[in-house]
Ligand SMILES: Nc1ncnc2c1ncn2[C@@H]1O[C@H](COP(=O)(O)OP(=O)(O)OP(=O)(O)O)[C@@H](O)[C@H]1O
């Protein structure tokens, strides 16, 4: 619940803080820009201020602003807060007003931090603030202080001329602001896994260029639409990025693979797929490929098979979900918002052979696949199409 009179949102970052001073300063600048862009994209009024180690959004819409900023990569937590002058009477008044609104019984604690010169300590703030809260609510409830595990936490942060009163720290995605790493081509099939993998890459700062391979008769309109729907959802996290899907038609090539190869078919299909991604990466100056593969999840994802398929490309393949269980990935997809889009059943299952190889060698895969497989990939990639979507075209 937002504190009454909230007029600012405090933003904290996480991993940015372990960087050297000049990198941290640059990343905080990036973060401030991303926060401003997100507010703009969500239609929330707010002015972003940046001080060393901390960002603030001054706003008349603290709820909307908090919702928006907790979707920005790089934001670890955010707190809608009320700013008051850094005087004890102003702080205790704000705490009392907040307690009257949010305190519905149980135990409480005041947690105070302070930087700057003041004629009181953070211990004083805790003590006098606790008294003020007690007086504010003791007619209605029986307030009890518990500093270890309270039901209600009242936070006060005193910074120089101002003090901020708040009651919650809402989680953001953490990580780094998008754009602080080179781009990656993300192979997005629209299943449950690949959108989560793309999101994870963005969370660590790498913009993604979404690439969808249209399987023609093996996929269908639903398959394509679910991929686009997940990309639209991902695009909402990065309003400044160009998230238009890149689409390559591969149906006729898959037909040929199904006719030509049996047990190692999926592995050659992956090699073909990575090669297409490599071509796209070259055209957009991306420095790697992201997939939603997880160790052992499918026959094509055994350690040996991953080794065999990786040899097809000189571009590194990043697999953020490599060690995740399916249930963890599903939970992440639900949090991110891509789960529902991804549950339409379609696609690769129809390409897979009845008895897929699980311990393939590079030599065996190469021996079974058409000699010109990589030329097919080059031909297919040459007709890559950029699909215009109303919500996915970035503003910078
Ligand atoms: N049609 C496609 N377009 C783009 N990428 C694809 C496509 N099919 C597969 N991939 C990529 O290959 C990875 C492994 O393929 P797999 O067959 O396991 O995907 P899936 O089960 O259809 O979807 P997901 O892995 O997203 O749940 C995917 O995570 C994705 O990165």
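Glycine too: its Cβ is placed from the backbone N, Cα and C atoms.
Pulled from TrEMBL, these are the features on record:
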- 63-169: domain 'THUMP' (DOMAIN)
- 187, 188, 270, 292, 301: ATP binding site (BINDING)
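Secondary structure by DSSP for the domain 'THUMP' (63-169): 38 helix, 35 strand, 34 coil.
With a cut-off of under 6 Å between the Cβ and any atom of ligand 1, the binding-site residues 187, 270, 301 reduce to 187. Around residue 187 (ATP binding site), the same-chain residues six or more apart in sequence whose CB sits under 8 Å from its CB are 194, 211, 212, 213, 273, 277, 289, 290, 291, 292, listed in sequence order.
Mean model confidence for the domain 'THUMP' (63-169) is a pLDDT of 96.
The maximum pairwise C-alpha distance among 187, 188, 270, 292, 301, the residues recorded as binding ATP, is 16 Å. A strand conformation is recorded for residue 187 (ATP binding site) in the three-state DSSP classification. Summarising the environment of residue 188 (ATP binding site), the number of other Cβ atoms within 10 Å of its Cβ, over all protein chains shown, is 30. Note on the binding-site residues 270, 292, 301: the fewest other CB atoms within 10 A surround the CB of 301.
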